[in-house]
C-alpha cells in the first residue's frame, strides 16, 4: 500500500499504544494538531486507523466578563457603594447605574420609594456571581451570563486515534520514514543517487484538481460581443442616468400624460423631481396642438409638474432622445446597452429589470428599408440566419416594426421594436432628417444564444454554471 511520509509517521507514533488523543499524538510527532488530524483521516480512508470524534461545550468569559470577574458585576459594585440608602438622583451619576438598576430590582436587592433607593437585607452572592468565577455550560447561571454577553459558549471537537488490525500489521512490518523526494536535482540524476532515494509516487490514473480562474459572466460576454459588433459597424456608445424625469421618459417621446399609451409599461415611480430642460415649451405645444410639426397633437392639457416627476427608466429610448438633443446634426450612428426597470411579475420570461439595446441612426435620405437591412445584417452576425418583420405600434415611431428571428425548437421569437422617429419627437430639437430607432431585449438574445428556458438563470449566483459555460470569443 502506498503511503505518504506523514501517513507513515502517524502509524509509527501509534505503535504499542491504544487509542491516543490527537493532541498527544501531535506533541509526540512535533506537528501541528490540524495537520495530524488531516493525516489521520487519510489513514482512516485506507482502513489503517479509526477516529473517534467527541464534541463538548466549553464556556469562556468574554472581555467584559473577565473585567466583571475581577471587579464584580455592575449591580454588586453599585450595591457596595450604597450605605443603607441613596437618592436616585445621586445613584444615576454613577455610569454603571444604567446597567445595574434593573438588575438590582430584578434580584430584589433594593427597594425604590419616593426617589430613594434602600438596600434590602438579603443581598447574598448569587449563582451568576459564582458562575462568573467558573462558568459551567448548560447551567441556568451560565445561560444568564451568556445572555448578558459575559460568557461565550463554544463547541470543542476532540479526536481519539487508534490503529486498526491492518494498520498495526503495516506498522510492525517496518516503515521507511525517510523523507520522500518529489523533485530530483541535476546532480542526483547524473550521479545515479536517485536510484537509492525514496521517490514520491504519483497516481497517473487520477485526474488533476480543476483550477478555476477568473471568468467573465456568460451574459456579460454576449453583451460585450454585441458592443464590439456595433463598434465594427461604426456606432458610438452613449450612456445616461437610471433615474429620469417623466419629461424624458414619456413626454419627449410623444406619450401623452392622460392617455393609455402612458400605461404601456408599468413603472417604478420615485418621490423626487428633476427640472425640465430648456425648450420644454415646444414639447408642451406639440402635445396640446402639434406645435409647428403639422400634427394635431393629443389635445387637452399638459402639466410641467407631471413632467418633473421621476421614474426608474422604463426603456433606454429616453437616453436616445437626450443624445439626439445634444447631437442634432447628421450623420450619426449611436447605441446604448442599459439596464431598464418595469413592474413585471417575475416568471421564466419576465423580470423587473433587464438589459436593453437602444440604437439610433440619423442621416439624410434614410428610409424604412435601411432599418430592415440593418436588422438582417445585425442578427445575421449574431448567429440568427432567418429574420422576419411584423408591423408594430409605438407612440414615438411611424412606421413601426417588430423584428423576429427563427430559433429551432421555439419557432419565431420577437426580440424588440423599431421604427422611424415621428416628427413630434425630433422636430423640437432642431432635427429635420429621418432617425431610425430601435430597442432590443438583449437579455432575451443572451437567453436564446445560451439555450436557456428561464430568464432568471442569467442573473442567479450559480458559480458552477458560470464555470461550466463556454468562453465566448468575439
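Cβ atoms are placed via backbone N, Cα and C, with glycine included.
According to its DSSP assignment, residue 358 (L-phenylalanine binding site) is in a strand. Per Swiss-Prot, the feature L-phenylalanine binding site maps to 317, 356, 357, 358, 396, 421; the stated evidence is sequence analysis.
Sequence-distant neighbours of residue 398 (Mg(2+) binding site) (same chain, six or more apart, CB under 8 Å from its CB) are 419, 420, 422, listed in sequence order. In the three-state DSSP reading, residue 398 (Mg(2+) binding site) counts as strand. Residues or ranges marked as Mg(2+) binding site in Swiss-Prot: 398.
Its Cβ taken as reference, residue 356 (L-phenylalanine binding site) is surrounded by 22 other Cβ atoms within 10 Å in the chains shown.
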